[in-house]
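According to TrEMBL, the active site, 4-aspartylphosphate intermediate annotation covers ASP417. The annotation compositional bias 'Basic residues' is assigned in TrEMBL to 14-29. Residues or ranges marked as compositional bias 'Polar residues' in TrEMBL: 475-489. According to TrEMBL, the transmembrane segment annotation covers 79-97, 103-121, 300-325, 345-369, 992-1012, 1024-1044, 1074-1097, 1103-1122, 1134-1157, 1179-1198.
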Amino acid sequence: MARETGESGETKSTKVKKHKRRKSKKESKTRIVHANILYDLTKGGDNPNRHYANNKIKTTKYTLLSFLPKNLFEQFHRFANVYFVFIALLNFVPVVNAFQPELALAPVVFILSVTAIKDLWEDYRRHRSDKEINHLDCLVYCRIEKRYVEKYWKEVRVGDFIRLRCNEILPADVLLLSSSDPDRLCHIETATLDGETNLKQRQVVRSFIDLFDPLKYNSVIECEKPNNDLNRFRGYIIHRSGKRDGLYKDNLLLRGCTIRNTEEAVGIIIYAGHETKAMLNNNGPRYKRSKLERQMNVDVFWCVIILLVMCLFSAIGHGLWMFQYGDKRPVFDVLSPEGTELSPVVSAIYLFLTMIIVLQVLIPISLFVSIEIVKICQVYFIHQDMELYDEETDSHLQCRALNITEDLGQMQYIFSDKTGTLTGNKMVFRRCTVAGVEYSHDANARRLAMYQEMDSEEEECTSHGGTLPRRDSVTSHQSGKVVLRSQSTKSHRRTGSRAEAKRASILSKHTAFSSPMEKDITPDPQLMDKVNECSSQMEFMRFHSQSLNQIPPDLCDVFDFFIALTICNTVVVSSPNQPRQKVMGCSMLSSPSAESTLTKLKEEKRPEHDLQHAFSPVPPNFDKTKALAQDECELRYEAESPDEAALVYAARAYKCALVGRLPDQVTVELPHLGKLSFELLHTLGFDSTRKRMSVVVKHPLTEQITVYTKGADSVIMDLIRPATGMLPLMRKRQRKILYKTQNYLNLYAADGLRTLCIAKKVLSKEEYASWLQLHLEAETAIQRREELLFESALRLETNLQLLGATGVEDRLQDGVPETIASLRKAGLQIWVLTGDKQETAINIAYACKLLDPEEEIITLNEACAVLLKNNYAGLVIDGRTLAYALDKSLEDDFLAVARSCRSVLCCRSTPLQKSMVVKLVRNKLKVMTLAIGDGANDVSMIQVADVGVGISGQEGMQAVMASDFALPRFRYLQKLLLVHGHWCYSRLANMILYFFYKNAMFVALIFWYQFYCGFSGSSMVDQWYLIFFNLMFSAFPQLVTGTLDKDVSAETLQELPQLYMNGQNSEEYKPYMFWMNMIDAFYQSLICFFIPYFTYVDSDVDLFTWGTPITTLALFTILLHLGIETKTWVSLTWMNWVSIGFSIALFFIVALCYNASCPACFSPSNPYWTMQRLLGEPIFYLLCVVTPIAALLPRNIYANIFL
């Protein structure tokens, strides 16, 4: 018996240990948050939240103690810096040193110091910003004082209760537990995170309904570890009773967001400081290596080879020269440190190291710093280009990657999104089909044409008036795709007041997608009659308490169609007088939880006579005065996408208006019926895989649980199935509606309209209960929650009934056709990757001149491996075929077909397919790629390309934050590439080649001298000149030229886009050019060495009296060489002359001062008064004229004949 007890005890302890192991493993994947007030009176070590990060942010890289070692460590990641430090330290070895050791350190110390000062200044700016943010105030609950007290942001901890006020910025990621809003809502603005200015709703955790008291809080939160996914939050809260409530992203307020329209909210901090989602997404500027820099590194390697060859040649020469003396050592022989004679071999080895020190200038130490300075200056001047500033949006070009500006001049392939990039992302409701009947909305088409004419008149007046800035391009009338500005902004523009236009633009930003063109829809009379007829019949049936089944099916479809347009979205309603003030719904229904909904399904349906209450347009506590005031002012719709806004405005045009939205209720106002409140049970949001969204509501008229779905026709049409038990006549009607709707969808797409299908589904209580049970499990899961919710949505969205379809027009941005035409003339291959329907994409491609109607187009719509050897003008491929084409076995065939086409249009492509296409072209064809887009679905494509460009449009800032460059409009890409890209590439390519030439030319002078000094490593150039020649005397002019030189004017580059091909073909920097410059450098050094040599050969001048003229002549020749290479002496004459004059003056000032202050240097050769004597000799001036001309004559002849 005792043994059994012992065994059972061991079994229990084993189970406990296993349970603890499982628990610890589980805890490692999640975070458990307790309230800090429970541990205020205990020791700090007892607080389970103590291991989490505090809210103090630190974006600086250094401290006072770590700056020097850490910065040097980072700089020594560059091989060039390590090399030069090694050379400087080698000079401290007495047996091989060539210069004064301290002097040899000067160049590398200067370069490291300049970089360190730059890094220190940038870090100090970050420190000031951090300090300002960390010392912002917020209200945190204190248990001792039993009230909220002010604390700095940096003092906030995970587990603190925090009170938030209207217009206050969130200091951390906060779980919402209470709100002053009676509907338990809190509205936030997320512009600082994703650039979207529309309001977003967040709701209080489900179980916290009553007024929140921190002292009564005794729950524990278990959630996921910190991550950078802004659109995901998973977890649950465990109450003392053991009940668990799921936590979602709608319960989480993110750091950096702003509280709007809510007087007060209370929450508990979940993530703080660097663990917040905003900080985890803060990656800073992007750093890439440009193609030109990669080529330059190859030539630096060749310079190292040349240096080693020259040093080896000198060492062998020195060894042979020493060997010829035999046992008779020369009087100037250098002894070993022990005082013994060195053998020729050992002398040669020492001389090899000495020559590395002497000829170190061949490796351009200042090249890398000069390139950084030039690129920063180039970015500055690009930012200052007012032609890249968009007045309407008050935005200009942003450069987020500072080191790839020259890549802009070498692009070969452009991959572009369509919606929001080529088009304006201003969705205008154009036409629709309901129940198989098409409504053309001719009056609405005439309204849009009027907007186009008004915009064209404005452009004409602007171009002739001369008082306003002329637009870059005017869209042709034939295309009819013009992005029209809001009327308010336009009226201000006509007054000529830039400030007023800017204010109007800023005001319009309060509500996105709400220009008059977008929201003032002219209804179709025939459809309007049906809406009125349906409403009047429903009103009649309400009055007589009759069943709605007597209404004709076509009218029911019209009613459901507009209900779906109104409620199947996430639009927030706001007031125009107070753009951030929410408008309350008129009927306050209690918010049933998912569990209570499941329970209520078992109750009996209420009697039919209760329809009278559902129809009641006047709620119990309805205030007529407030209602009239509200009716006088038009409601605003804060939509997350332009598609949603367009459809809601279209429904409002038919008097089916959205007037209120709560987490559990949507209120709609209908003609004759007043306000109806739909109980919102579930919202299944849109995602790029399902390509649809759905809402599950309890219909106030029929008490039925109804699913309304809208989405892409490619997926909705496959989900249409007749309901079980449907009469044959109704089945035939459904098939007819399906056939007609498909035909109309094809017509809409051919007209370039974006199409959406609208469908519904009625669930029985049993079906809903069965689905809800699994959906609840998915909602409360922490692991695989997204996957489970996705599967749950797929189970619900089946066997749908088609209601109709809409055609929404997305107009081209200004100047898109002209920009694409110019880019194609520049030799750029343009691919458009879009998720739109094929016919829509083709129509837009024709409108923007990507495709030409007269040219042959090949369309691939079947998954087949096909090889085409003919050349076609354009290729169109859909998403399914693209999936096959991207297969490993077919990708080469696909590329072969695509390369033979001038343009490629990929339709129905997913974000992943977009990135795969860009990666395939970049890796297989070894070409330079640029991707441009405006939405979150373009981020992967932008990040894969060599250069990513984001459009700061109306879909937020995700694309901008992932990009290297950000543009306000697509048309600005033309000047960015054809002008600034060409200039940046040309300037840097020529500057790099000039650096190699200049260093080689100066080093070769010392090499020639070795033939006259027994290859001893001696130099006829004073060590001060040798060290500072590249660092001081010849540095400034090349920086000016590298920053400001223009081989062709901006006007010419845009008029002749073909000039861009120079950069594509790397015409400015080919491998042979490096060797040509090396040969020219050696030739010029021969001239600069031997003309002074033969001039002074029989004279009694000392070494420096002969070497100083050589240094002077080399400087003159190098500067004149730069003058020959400079293209814009006309527009930049004074800058070039000033820089060259400054360099020459600096050299002579330093030489005169140095020679006058060194009476006993380097005996027996002494530089004292050398320059002063030379300036008094006429032969010196003759040398300064003859030698540079003789040295530069071959290059000048070559440039005039062959270039």
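Heads up, the Cβ atoms here are built off N, Cα and C, so glycines get one too.
Computed from a predicted structure; not experimentally measured.
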*asked:* So, taking each listed stretch (79-97, 300-325, 992-1012, 1024-1044) in turn and counting its Cβ pairs to the transmembrane segment (103-121) that are under 8 angstroms, which one gives the highest count?
replied: 79-97
*asked:* Given a Cβ distance threshold of under 8 angstroms, which distant residues of the chain, six or more beyond its ends, lie next to the transmembrane segment (1074-1097)?
replied: 299, 302, 306, 993-994, 996-998, 1000-1002, 1004-1005, 1007-1009, 1105-1106, 1109-1110, 1113-1114, 1117, 1121, 1179, 1183, 1186-1187, 1190-1192, 1194-1195
_Residues of the parent chain within Cβ reach of the transmembrane segment (1134-1157), under 8 Å, 6 or more residues beyond its termini_ = 1022, 1024-1025, 1028, 1032-1037, 1039-1041, 1044, 1108, 1112, 1115-1116, 1119, 1122-1123, 1126, 1167-1172
*Taking 3+ C-beta pairs under 8 angstroms (sequence gap of 6 or more) as contact, is the transmembrane segment (1024-1044) in contact with the transmembrane segment (345-369)?*
yes
*asked:* Is it true that the transmembrane segment (79-97) and the transmembrane segment (1103-1122) have 3 or more CB pairs under 8 Å, sequence gap of 6 or more?
replied: no
*With pairs 6 or more apart in sequence, are the transmembrane segment (992-1012) and the transmembrane segment (300-325) linked by at least 3 Cβ pairs under 8 Å?*
yes
*Beyond the flanks of the transmembrane segment (345-369) by at least 6 residues, Cβ under 8 Å*: 78, 80, 83-84, 87, 90-91, 93, 95-99, 104, 107-108, 111, 114-115, 296, 300, 303-304, 306-307, 310-312, 314-316, 318-319, 322, 334, 336, 992, 995-996, 999-1000, 1002-1003, 1006-1007, 1010, 1015-1017, 1019, 1026, 1029-1031, 1035
